[in-house]
Amino acid sequence: KDGYLVEVTGCKKSCYKLGENKFCNRECKMKHRGGSYGYCYFFGCYCEGLAESTPTWPLPNKSCGKK
């Protein structure tokens with residue numbers, strides 16, 4: 001599946017260098033996530049080819065610090 005990586009807080013894993021981004025690419029390709037490629041899009045790490053079990057944004061019942 002494709003999607004934004006998400007923190008336990010419910011926020012997207014943020015990034016600042018838009019487009020090709022080594023940090024996002026490395027995060028997406030971690031073994032437990034299984035992604036094939038990652039880049040920075042709208043200041044969040046977006047991954048392609050993630051394992052179905054990898055949580056992606058938005059998380060149910062988590063709104064990134066908003067109540």
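Note: Cβ is positioned from N, Cα and C throughout, glycine not excepted.
According to Swiss-Prot, the domain 'LCN-type CS-alpha/beta' annotation covers 1-65, on the basis of sequence analysis.
The feature disulfide bond is assigned by Swiss-Prot to Cys11-Cys64 (among others). Taking Cβ-Cβ distances under 8 Å and a sequence gap of 6 or more within the same chain, the neighbours of Cys64 (disulfide bond) are Thr9, Gly10, Cys11, Lys12. In the three-state DSSP scheme, Cys64 (disulfide bond) is classed as coil.
Here Swiss-Prot flags Cys15-Cys40 (among others) as disulfide bond. The DSSP secondary structure for Cys15 (disulfide bond) is coil. Long-range neighbours of Cys15 (disulfide bond) (same chain, six or more residues apart, CB within less than 8 Å of its CB): Asn21, Phe23, Cys24, Cys40, Phe43, Gly44, Cys45.
When secondary structure is read from DSSP and collapsed to three states, Cys45 (disulfide bond) falls in the strand class. Annotated disulfide bond per Swiss-Prot: Cys24-Cys45 (among others), in sequence order.
Long-range Cβ contacts of Cys28 (disulfide bond) within its own chain (separation 6+, distance under 8 Å): Leu5, Gly35, Ser36, Tyr37, Gly38, Cys45, Cys47, Glu48, Leu50. For Cys28-Cys47 (among others), the entry in Swiss-Prot reads disulfide bond, with the evidence type sequence analysis.
What Swiss-Prot lists as cysteine amide is Cys64, and the listing cites sequence analysis.
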Number of Cβ atoms other than its own within 10 Å, given for Cys11 (disulfide bond): 18
Sparsest-packed of the listed disulfide-bonded residues (Cys24, Cys40, Cys45, Cys47) - C-beta count within 10 angstroms: Cys40
Average model confidence [pLDDT] within the domain 'LCN-type CS-alpha/beta' (1-65): 96
